[in-house]
Structure formats: structure tokens, C-alpha cells
Amino acid sequence: MSDSLHTALYDQHVRLGAKMVDFAGYAMPVQYGGGILQEHLHTRAQAGVFDVSHMGQVLLKVSAAELESVFPVDTADKALGQQMYSFLLNEQGGVEDDLMITRREADFYVVLNASRKDNDVARLRAAFGEERVQYWQDRSLLAVQGPAAVDVLSQWQPQVRELGFMRGGEYLFDGVACWVSRSGYTGEDGFEISIPEAFVETFFARLLADSRVLPIGLGARDSLRLEAGLCLYGQDLRSDVSPLEAGLLWAIAKSRRPEGAKAGGYWGSEALAAQLATGAARKRVGLRPEGKLPVRAHTPLFDAQGNAVGEVTSGGFAPSVNAPVAMGLVSAEAAAAGTVLQAQVRGKLLPMQVVNMPFVTKRYQS
């Protein structure tokens, strides 16, 4: 990891005993001393803080119409501070990245996946010009997630309690302006906070001074999002997987779909419209393996007749349900809930049942 980039909290992670791994070119904590299981369950019960500063924070200084020429969103009914989950699509309708967009007074704030941010920014700069697509410099990004997250943060800044789900705004913490959104990647209520790098060590330390908060690594972040049925880019979402195949049509604004008032006109819209007309040949599904053995990504899946029908895209042990769970991409004919498929694990076939997601009840603030 000698060539890995460091976030501003790298030294703090090491001091806390984190096991560091390379992720998307950054040295990141995969777990701390208590381990993934403890971190996962603590986040579900109280609150955890995640360093996600490796993700891309970008400011788009474009008009609403220009934004809609790229992304399948409709800004007409989006107030200042409203967040939108969306995609960058390719010409085939595949997902090049999934991302969060927030409408602000002078720009759109976009959070990109770490592994895709440089590619995304290059495409956006080619469309809009370098001066209008800028990384938000010298910023860190923390996520505070769990049922106690709102109480922890509101002790410091009471106004965040009034922030609605998928809303963002600027708030002062000890006089320092931070951008806070009520969102996350765990299925729990929580916040994502963009913080000036010069202030992030102080912010992180103050959070950890609260007995309800533990630092959480990438390992538990992955198991938490898997239980919540949330996609991981590079596995459940890829450049050859469309939003329709991934079960994410809800994130394509209704007005941007065929027959909508603003139909088409965004990157990948023609390919996606064609797929909507014919239906998706593949679908993302939830899977429950028989027994206690986790089934990992890329494991082949077969139907009862031995025909290949797809593969597992994400899989692991789900601490909240005390059982292994998985997601897969399978043929539409094999995607109905209740269908029993066979996973090829270590040369043997393991039954896996197609089930509805999420695997746990989401507890976002309403």
C-alpha cells in the first residue's frame, strides 16, 4: 500500500488500530479492533462513523437544463437542498456510475464513487468544460449512521434534527461551515457530512468522544449495505448493467421515461427506452443460500435443469439476520421470488432461493 493515497484521517485510523487495505487507490480502514461483526451490529443499534473521503466531491456549475442533458433527472420540482440518486449511463444504457446530486443555490453538488470519479469528471468536463466541473478541494466526507446518529449530531448542531431525508444544507459546527445531507448507505437513518479537511480531525474526535459512536470500516459498510439491498458499483452495477436490469427504474424520473413530458435527451436514453419497450432480459434479485455458507460474488447460478441463468454479484454473512445473503443478476425467467437456483460452490451445488429485498427493514427518517 506504499503507493496508496491517504485521506486526512489516515493517521487517526492507524492510531485506532484499524486494519488498512487498498480500496480504489486509497489506504482505507476495513475494520478496527472489535471486528466487522461488532461494528455492523453497533451501527444497527447505536451509531457509527465512516470515513468515506475517498469518494469524489464535485461541484457542477451548470444550469438545470444542462444537468438534465446528462442525467435522467427532472429538476423542475426539486427545491434547493433536494438530493437525487441518479446515474451516468453509456450509449448502451449501462451504468458507468451511480451517484448523488444535490441542488444548491449556485451549483449542483455531486458525490461520485471513488473508483469512477476521475472517469466521470473527464466525461463531464468534455461536456461542460473544465472550469464548470470542479472537485470540491480540501474536503473530507464522513457518514454518521444508525438510530442514534440524529441525537449525536443534534447535541452539537440542533438544527440538523429538522433536516428531512434526502435533503441537504449548510450547517455550522463550532463556527465551521459543513455541508450535511440526511442520507447514507446502510439502511439506517443517518447523515453524510462534507467537512473542510482542516477541521475533520476535530470533527472525528468529537464524534468518537460520544460513547454511542464507534469508528466503522469498509467491511461493515459492505455488510450493512448488502442487508439493505443497496448496490455496490463494480459488482451489482456495472457498465454492462442497466438501471432497469438492476431494479432501479424508480431512480429514472417518470418525466424522462418514454411518454413522459421530458422524455429522453440524457446520456443513454435511447438504449434505455428500447430496453423499456422490450423488457429487461436480466434482473437483479435477492438470494438466500441454504445453510450457513456465504456465497460470494461471481459464483455461477443454474436453474433446476442445470441451465446457466446468471451469477451472484454480492454475497456474504448478514449479522442482523444471522444468515448468509446475496444478490445476483439472473435471467428474467429465473427471477421470480420463490424460485430455487443452484450455486456452484467448490465444485458442489448449493440451493439458493430468490427472495425479495431488502433483507432488513430500512429505517430512513421519513
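Heads up, the Cβ atoms here are built off N, Cα and C, so glycines get one too.
What TrEMBL records for this protein:
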type    : residues : note
BINDING : E192     : substrate binding site
DOMAIN  : 9-254    : domain 'GCVT N-terminal'
DOMAIN  : 282-360  : domain 'Aminomethyltransferase C-terminal'
- Note on the structure: For E192 (substrate binding site), the same-chain residues 6+ apart in sequence with C-beta under 8 angstroms from its C-beta are V52, V111, L141, L142, A143, V144, V180, S181, S183, G184
- Note on the structure: Reduced to three DSSP states, the domain 'Aminomethyltransferase C-terminal' (282-360) has 3 helix, 45 strand, 31 coil
